[in-house]
Amino acid sequence: MVKAILNVVVGDGGVSSVETIALAFQNYILMLGTSVMIPSILVPAMGGSDGDKARVIQTLLFVSGINTLLQALFGTRLPAVVGGSYAYVIPVAYIISDSSLQQITDHHERFIHTMRAIQGALIVASSIQIILGYSQVWGLFSRFFSPLGMSPVVGLVGLGLFQHGFPALGRCVEIGLPMLLLVIGLSQGLWWLQYLKHVRPFRDVPIFERFPVLICVTIVWIYSIILTASGAYRNRPDRTQRSCRTDRANLISTAPWFMFPYPLQWGPPTFSVGHCFAMMSAVLVSMVESTGAYKAASRLAIATPPPAYVLSRGIGWQGVGILLDGLFGTGTGSTVSVENVGLLGLTRVGSRRVVQISAGFMIFFSTLGKFGAVFASIPFPIFAALYCVLFGLVGSVGLSFLQFTNMNSMRNLMITGLSLFLGISIPAFFNEYLNPDRHGLVHTNAGWFNAFVNAIFQSPATVGLIVAVFLDNTLEVEKSKKDRGMPWWVKFRTFRGDNRNEEFYTLPFNLNRFFPPT
């Protein structure tokens, strides 16, 4: 049943070396959208210049490569890319608006001091995931998860990012819409492109099914370059030019030819209790979202659901990744890249080696600034078109968990519907009040408390988890074990519960001898 989803099993084999490298480069290209967009939002608000923005992007890519390698080797070992997270935007915005930082008149000096404050908050807040992960507390908490409870959570991990899909695509319809139609056509073989599914220039490699992102991005990127060079956006509004033009990001001109990011490159971190508490909210949100992403990645890669021990191990290493974000100064924290999880399903390849090589691309191009900036200059509506497909795919994976439950039960229908609806509705309500004047719905004199609550309730997956897991574990629990899908789910809780767990989640270099599963 699950085998129909993919035809390449998670692991280190299954595809040729050339195909593996191309697939890895495709993963690298895809994660550039978030890696460029987050610094583009935050760095100007911090007082940074275009050169500062280019350095932050390079640093974020470099640390993302390291974190992806650590997660693929020693964490969950799933083929998941680790990158920047939008969950950290709210607490970072709170730090940026701190009056002690805002009164610094020199822009570059304000940027440096703000970055150091963000670093300090990330370093302290990372302890949340490190402690909850390595102490196995998060694994113990996962015993309250069931297919019914996790279905809305995984679904909202994808569907909750809708604002980065068509709303962002609509900022440049002439680029985004052709991209959306092309990627659907190539990957799924619509009737007008059906014959391309059988075109295989390279022996036994279905290039249009394996590399839809590379092919479509290349075509539409060239198209956008032609539009820019022909002057199509010359007299258009500034927002349209920023979204559509390929030369407005100023990344290529400001990026250094070579830059090797290193710890404390912005100077020693500064620590504030309020900043640290505010940042902890984003760490909790990223932990929830990553848990849902791990569940989706395991399903798309034909792996068993990660046991509690493996899930805790992954969260622990993700905490180490956030610590590295703080030490290097990426300006944001880390989480599992949802779009790259969706790519597993789109390409039908779940190879761990592909993700490890893509991490190498992140590290390599982050040090060669000019070359990396060329790819980073791809207009964001191109990525937004991809997000429409990939986020939707992850959302549908979450809904697929319902097949293990009894959806003829009114209890299950109520929990599923309410979790999905409130998971979208509550963050949308909070988001209405997020503007430069009011900083969010919760607006007390304690800024850190405002940021904490706003960050929690603006996360669809976190709201979905709170509602679904609470209701699932309080309403007729004993009578509904079978309806909740627990007979199928319970055997995957422990590492020894299924023989396939060793194939998917055993540590490399025979490290399980020293760190045996608990």
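Cβ atoms are placed via backbone N, Cα and C, with glycine included.
Automatic prediction, not curation, is the source of TrEMBL annotations.
These features come from TrEMBL:
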- 20-44: transmembrane segment (TRANSMEM)
- 80-96: transmembrane segment (TRANSMEM)
- 117-138: transmembrane segment (TRANSMEM)
- 144-162: transmembrane segment (TRANSMEM)
- 169-191: transmembrane segment (TRANSMEM)
- 211-233: transmembrane segment (TRANSMEM)
- 354-376: transmembrane segment (TRANSMEM)
- 382-401: transmembrane segment (TRANSMEM)
- 413-431: transmembrane segment (TRANSMEM)
- 451-471: transmembrane segment (TRANSMEM)
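Taking Cβ pairs closer than 8 Å, the transmembrane segment (382-401) reaches residues 30, 32-34, 37, 147-148, 150-159, 161-162, 164-169, 171, 175-177, 179-180, 183-184, 187, 213, 216-217, 220-221, 224, 292-293, 295-296, 299-300, 338-339, 341-343, 345-346, 485 in its own chain, all 6 or more past its ends. Through the fold, the transmembrane segment (413-431) approaches residues 148-149, 151-153, 155-156, 159-160, 162-163, 402, 407, 440-441, 454, 457-461, 463-464, 467-468, 471-472, 475 of its own chain, all at least 6 residues removed from its boundaries and within a Cβ separation under 8 Å. Outside the transmembrane segment (354-376) by six or more residues, the chain places 15, 20-21, 23-29, 31-32, 35-36, 54, 57-59, 61-62, 64-66, 68-69, 72-73, 79-81, 249, 251-252, 255-261, 340 with a CB less than 8 A from a CB of the stretch. Long-range Cβ contacts of the transmembrane segment (451-471) within its own chain (Cβ-Cβ under 8 Å, at least 6 residues beyond either end) map to 87, 90-91, 93-94, 144-145, 148-153, 155-157, 159-161, 277-278, 280-282, 284-285, 288-289, 292, 414-416, 418-420, 422-424, 426-427, 430-431, 434, 439-442.
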